[in-house]
Amino acid sequence: MWTWQHVLTTIFGGIIFPLVIGLVWGKLADEYKSFGGVLAGFFIVGTIWLLNHGIGLMYEPQMSGGLPGPWSDMALAAFWGLFVADLMEGKKIDWEPVLSGLLGGVLGGLLLFAMV
Amino acid sequence: MNLRRILMGMCTGAFVGFGVFTIWPSSLARWNWLGGWLAAGIIITTGWLVNHYAGSIPNKGGGAWVDMALSVWLSALLGGTVVLDPVKGLVRGAYGILHGANLGGALMTIFLQLVGATLAGYLLYAARRSDV
């Protein structure tokens with residue numbers, strides 16, 4: 001069951017992930033090029049994953065029960081936060097990457113569905 | 001619209017989506033929380049190198065940034081997760097919409113994630129505006 005505590009922790013999880021990516025990832029990539037992405041993978045995504053899904057800031061009650069799922073990953077917050085920040089800045093929606101991302105998700109989902 | 005670029009982005013997006021939800025749960029099952037931390041460096045890094053460093057997802061300067069995270073999120077939502085368990089072998093971790101899992105159960109989480117992300121988007125926008 002959802003309580004106000006879960007609401008608070010889930011929203012905070014949604015804030016912290018895109019915020020840290022937006023603040024740090026670009027700087028790491030500027031300074032260290034491809035190696036910056038390696039550092040970002042471990043120290044941004046890895047560390048925030050421990051908080052959001054490892055410890056469980058983001059509450060996912062649908063994961064208990066006989067048919068656990070569907071899983072809503074913290075990746076949604078990463079995509080949406082960065083996307084919205086650019087939209088607020090006045091950038092336009094470019095449908096080429098949007099379509100790539102959506103179709104990639106559909107194909108990835110099919111592959112995961114096909115396993116096991 | 002360049003169909004070949006979209007097709008390439010689709011393949012590499014599926015690569016990171018599939019990779020995250022097989023490697024991550026497996027690494028977690030094997031090495032506990034440290035495995036979860038390592039999984040991020042293993043698959044997110046490789047996914048980022050292909051999708052964004054090499055630029056397989058066709059983001060251009062003028063458009064709003066579309067992160068590979070979109071593919072990652074949608075992959076698990078649709079297809080669930082797969083675990084290589086140290087004892088039981090390859091087993092299913094979570095079911096997706098394609099298996100008939102009920103989206104309604106995840107809606108509250110999705111909504112609150114979007115609320116948080118929108119707040120973060122505003123903060124990022126405000127921070128960028130203030131340092132020019």
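Even glycines carry a Cβ here, placed using N, Cα and C.
What TrEMBL says about this one:
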TRANSMEM  B:7-25  transmembrane segment
TRANSMEM  B:31-50  transmembrane segment
TRANSMEM  B:62-83  transmembrane segment
TRANSMEM  B:103-125  transmembrane segment
Same-chain residue ranges lying at least 6 outside the transmembrane segment (B:31-50) that approach it to Cβ under 8 Å: 12, 15-16, 19-20, 23-24, 56, 68, 72
Distant-in-sequence neighbours of the transmembrane segment (B:103-125), which means Cβ under 8 A and at least six residues beyond its ends: 77, 97
